[in-house]
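Pulled from Swiss-Prot:
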type	residues	note
ACT_SITE	Asp80	active site
ACT_SITE	Glu145	active site, proton acceptor
BINDING	His78, Asp111, Glu174	Zn(2+) 1 binding site
BINDING	Asp111, Glu146, His360	Zn(2+) 2 binding site
Amino acid sequence: MPKTLHLAEQLIARPSLTPDDAGCQQIIAERLAPLGFSCETITSGPADFRVTNLWAKRAAAPVKSAQHTTKLVVFAGHTDIVPSGPVQQWRCHPFTPTQFDGKLYGRGAADMKTSLAAFVVAVEEFLTAQPDTALAIGFLLTSDEEGPALDGTVKVCEALQARGERIDYCIVGEPTSLERTGDMIKNGRRGTLSARLTVKGVQGHIAYPHLAKNPIHLVAPALAELVGVEWDRGNAFFPPTSWQISNIHSGTGASNVIPGAVVIDFNFRFSTESTPESLQTRLAAVLERHELDYELAWTLGGTPFLTEPGTLVDAVVDAIKQETGLTTVLSTTGGTSDGRFIARICPQVIEFGPPNASIHKIDEHINVADIEPLTNIYRRVLENLSAGLSA
């Protein structure tokens, strides 16, 4: 059995529901230690939500001359998975990795345990061929990416920053491809800014509206205006910033009572053309103009990041072309990832992994034919980066 497939099956068999790593990181650490990696477990979070993080690093070989330098490339990812959903609806048990019709089924097969396995095997192959590389290699893994993401990658990044650790390049193994492995990579992500808006009125009998103030009616014109705002026009790398309402809560449950308040949850997905502060200011101005009695609580989930074409992007694009013949598409679409935390301490961050059509679904799977190319691409990226150091 191919090494990556075998390791992927070992990881899929572990029911690592957030925040339980279920031993996945130990399996990986045991593969990395013989290669010269120092492996450190960093735990965080309250007693009832204990998160396991792994930081593993192999130092570069000493440089031969002043003209040469060393760089640190980090593979980042998560060992945690989302719940399987109804087990009886699966083709196989979600934690019994099963091959059928050319596909490997199991929770985490695409998101993202196969990427983790491919990371490890790619590094094994690369270091076997180039044990004296000037490229330092790291692994940053967490069991808190699919959950609140408060005690995972962000905590490791804070610890590394406090130590003065410099990361030059980072590849996050998120499933970014669409139809074939390598057809799309993410060279950035939009920021996410959420808020809960509470608009106050006066509760009363629905037959006597003159004795009450309906907060839903009061806020409706403001919402209509906000829906029509052009927050920005995006740019060459990002689509325009979007504003979307996710939830509206109001009422007592009775059909004859005007509610006393309405609570509205909304979210911005914003480009580098806007800032959290500018969006907050502009939205508050609309609410003030409509003379609403309101409270607003903001939560910044992450700021946008962008890695423009350069050393890392070029190394990945070239590796994909070498392995698959595909000309990959650079994209910043989709949701957030832990790349937003890593970008704070690393100037070049990209995300690349297998097709994502089945992630978080019943019968999550990856095409077996995609597994070896994924491993080879990761290895070729290391080769490209290493070659650049000795050129």
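Glycine is no exception: its Cβ is also placed from the backbone N, Cα and C atoms.
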Glu145 (active site, proton acceptor) as reference: those recorded positions from His78, Asp80, Asp111, Glu174, His360 with C-alpha within 10 Å of it: His78, Asp80
CB-centroid shell, 8 A cutoff, Zn(2+) 1 site His78, Asp111, Glu174, site residues removed: Gly77, Met112, Ser115, Glu145, Glu146, Val172, Gly173, Pro175, Ser337, Gly353, Ile359
8 Å Cβ shell about Asp111, Glu146, His360 centroid, Zn(2+) 2 site members excluded: Ile81, Val82, Gly108, Met112, Ile359
Sparsest-packed of the listed binding-site residues (His78, His360) - C-beta count within 10 angstroms: His360
Sparsest-packed among the recorded positions, when each Cβ's other Cβ atoms within 10 Å are tallied, from Asp80, Asp111, Glu145, Glu146, Glu174: Glu146
Length of the line joining the Cα atoms of Asp80 (active site) and Glu174 (Zn(2+) 1 binding site), in Å: 12
Integer Å distance between the CA atoms belonging to His78 (Zn(2+) 1 binding site) and His360 (Zn(2+) 2 binding site): 14
Local backbone state of His78 (Zn(2+) 1 binding site), from DSSP in three classes: strand
Cα distance (Å, whole number) from Glu146 (Zn(2+) 2 binding site) to Glu174 (Zn(2+) 1 binding site): 12
